[in-house]
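Here the structure comes first, spelled out in structure tokens, and everything after it is commentary.
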Amino acid sequence: MTQPLIIAFDGPAASGKGTLASVIAADYSLPFLDTGLLYRAAGHLAHVLGIDPAQAAQRITPELLNDEALRGREAGERASQVAAIPAVRAALKQFQIDFAHQPSGAVLDGRDIGTVIAPDATVKLFVTATPEIRAERRWKQLVKLNPALTFDEVLSDIRIRDARDSGRADAPLEKAGDALLLDTSDLGIEAAIAAARSLVKDRCGDN
Ligand code: CDP
Ligand code: CDP
């Protein structure tokens, strides 16, 4: 009997991991979880309700994950702040582990999928790009929501978030030893998708 496929995508903000993960999930007909949304929802709910972030993490509903507010700049910043709190990570951990290990297999993207949530993943990709390239990509997304936002503000956000995510003690952003590195700095989205497909296929076959 073949083992279920678990495919882990990790990497810093706007590296392209979410786009690549959702394409691979569709290719292999696997359920997909954007784990960053869980941290965005916890930070947002804690802010809106004025409650403890770990309590907020326990009150996330599927409807909340569709809230447009989670896509904004503030939600990303708040997510990274609450993600450094061990009680928040603990509250969200089992759901992610169960999602990754469901019988069908799964694709997840985040910061600690290959290191903490699914160290047993069939294939792990660590997706990255230079801070400037990532800031350009993220600025293009966010300026549609806030036309006054500048590239420099987004670059500053990205640098702060990178440092916080990599520097925290609990489940920091880091490449798993057995993860495959995919640097998308010089790749457009189509080329990045082709590179991810090739790396996954080498490890998993066509399934
Ligand atoms: O899309 P982007 O990479 O900008 O952010 P995200 O994946 O939505 O994650 C937002 C924040 O949540 C990150 O900056 C991390 O601090 C945190 N996060 C985490 O700690 N662990 C995860 N598995 C996913 C996100
Ligand atoms: O999930 P993550 O924050 O890592 O990034 P994303 O949301 O997948 O990608 C951020 C933006 O960069 C999206 O608009 C992608 O289409 C774009 N992108 C790109 O232009 N070129 C790449 N090689 C990868 C992503």
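Placed from the backbone N, Cα and C atoms, the Cβ positions cover glycine too.
These numbers come from a predicted model, not from an experiment.
Copied from TrEMBL, the annotated features are:
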type	residues	note
BINDING	Gly11, Pro12, Ala13, Ala14, Ser15, Gly16, Lys17, Gly18, Thr19	ATP binding site
DOMAIN	7-57	domain 'Cytidylate kinase'
DOMAIN	67-197	domain 'Cytidylate kinase'
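Features recorded in TrEMBL, as mapped to the structure shown.
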residue: Gly11; record: ATP binding site; Cβ neighbours (10 Å): 28
residue: Ala13; record: ATP binding site; Cβ neighbours (10 Å): 24
residue: Ser15; record: ATP binding site; Cβ neighbours (10 Å): 26
residue: Lys17; record: ATP binding site; Cβ neighbours (10 Å): 28
residue: Thr19; record: ATP binding site; Cβ neighbours (10 Å): 19
Structural state of Thr19 (ATP binding site), classified by DSSP into three states: helix
Filtered binding-site residues, from Gly11, Ala13, Ser15, Lys17, Thr19, whose Cβ is under 6 Å from an atom of ligand 1: Ala13
Number of helical, extended and coil residues in the domain 'Cytidylate kinase' (7-57), per DSSP: 30 helix, 7 strand, 14 coil
ATP site, defined by Gly11, Pro12, Ala13, Ala14, Ser15, Gly16, Lys17, Gly18, Thr19: further same-chain residues with Cβ within 8 Å of the Cβ centre: Leu20, Asp109, Val127, Thr128, Ala129, Arg134, Thr184
Integer average pLDDT (0 to 100) for the domain 'Cytidylate kinase' (7-57): 98
